[in-house]
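Undergrad: One structure coming up, written as structure tokens, with questions to follow.
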Amino acid sequence: MELLKQKILSEGTALSESVLKVDNFLNHQIDPELMVEIGKEFKNYFSDKNITKILTLESSGIAPSVMAGLELGVPVVFARKRKSLTLNEDLLTAEVYSYTKQETSNIAVAGKFLKKDDNVLIIDDFLANGEAANALINVVNQAGANISGIGIVIEKAFQKGGTALREENYDVYSLARIESLENGEIKFLSEAVQ
Ligand code: 5GP
């Protein structure tokens, strides 16, 4: 997605050879116009998949997911990372190791929001080693629902998550795929889609 790549180049920072900071438009401050375009991109790619629900992870997955949900006309559920007093119904839970925070936490989704007949589109802001995506897959599997695809805003293609998920035959669509972050330079793979 050209607009996203330009935004990453102009406002993103390679914090190291493996971490990209994009808090100007995705991870802290959010660019609503860019989110609208992201929603349209996901809709164009997944429109024939009969998606009934989008599942993401709080907090940075929510903005792109809501825009995709608006375009596809489906509700968006975000897995919660923090315990909440109101989250007291039958819970679907999974462990996730956070690459950026370097800690393991639990995510939870109320069972009433994911049902057997759902076709779920999983969306997240970043794909690195696939920990977050696998935790969301685990939650969908517990619900007995179907995974129709995985939409990623920024894939770090030099880390193993994307390859592993595609080898498992998930339909992974990443809007920008980063080849490397070496020497502070952000390089993209030549194609956006696998
Ligand atoms: P994974 O679970 O695939 O290893 O990593 C994806 C998750 O970690 C995303 O939900 C994202 O929040 C965070 N993450 C991984 N790598 C980066 C990165 O380079 N930059 C930012 N901002 N977040 C990242």
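Cβ coordinates come from backbone N, Cα and C, glycine included.
The following feature annotations were taken from TrEMBL:
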- Leu20, Asn27, Lys156: xanthine binding site (BINDING)
- 37-167: domain 'Phosphoribosyltransferase' (DOMAIN)
- Ala128, Asn129, Gly130, Glu131, Ala132: 5-phospho-alpha-D-ribose 1-diphosphate binding site (BINDING)
Undergrad: Can you name every residue in this chain, apart from Leu20, Asn27, Lys156, with its Cβ inside 8 Å of the center of the Cβ atoms of the recorded xanthine site?
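TA: Apart from the listed residues, the neighbours are Gly12, Val19, Lys21, Val22, Asp125, Phe126, Ala128, Ile154, Ile178.
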Undergrad: Could you check which of the binding-site residues Leu20, Asn27, Lys156 is the closest Cα neighbour of Ala128 (5-phospho-alpha-D-ribose 1-diphosphate binding site)?
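TA: Spatially nearest to Ala128 (5-phospho-alpha-D-ribose 1-diphosphate binding site) by Cα position is Lys156.
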Undergrad: For the domain 'Phosphoribosyltransferase' (37-167), what does DSSP give as the number of helix, strand and coil residues?
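TA: Per DSSP, the residues of the domain 'Phosphoribosyltransferase' (37-167) fall into 47 helix, 46 strand, 38 coil.
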Undergrad: Validating a neighbour-count step here. Other CB atoms within 10 A of the CB of Gly130 (5-phospho-alpha-D-ribose 1-diphosphate binding site): how many?
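TA: Here the count is 22.
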Undergrad: What is the Cβ neighbour count of Lys156 (xanthine binding site) at a 10 Å cut-off, with all protein chains included?
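TA: Cβ-Cβ neighbours of Lys156 (xanthine binding site) within 10 Å number 24.
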Undergrad: What is the separation, in Å, between the Cα atoms of Asn129 (5-phospho-alpha-D-ribose 1-diphosphate binding site) and Lys156 (xanthine binding site)?
TA: 9
Undergrad: By CA distance, which of the binding-site residues (Gly130, Glu131, Ala132) lies nearest to Asn27 (xanthine binding site)?
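TA: For Asn27 (xanthine binding site), the closest Cα among Gly130, Glu131, Ala132 is found at Ala132.
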Undergrad: Quick one: Cα separation, Leu20 (xanthine binding site) versus Glu131 (5-phospho-alpha-D-ribose 1-diphosphate binding site), in Å?
TA: 17
Undergrad: Can you give me the Cα-Cα distance between Ala132 (5-phospho-alpha-D-ribose 1-diphosphate binding site) and Lys156 (xanthine binding site) in Å, rounded to a whole number?
TA: 14
Undergrad: Mean pLDDT for the domain 'Phosphoribosyltransferase' (37-167), as a whole number?
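TA: Averaging the confidence scores along the domain 'Phosphoribosyltransferase' (37-167) gives 95.
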Undergrad: Could you name the residues, excluding Ala128, Asn129, Gly130, Glu131, Ala132, of the same chain that surround the 5-phospho-alpha-D-ribose 1-diphosphate site, i.e. Cβ within 8 Å of the Cβ centre of those residues, in sequence order?
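TA: After dropping the recorded site residues, what remains is Tyr97, Tyr99, Leu127, Ala133, Asn134, Gln159, Gly161.
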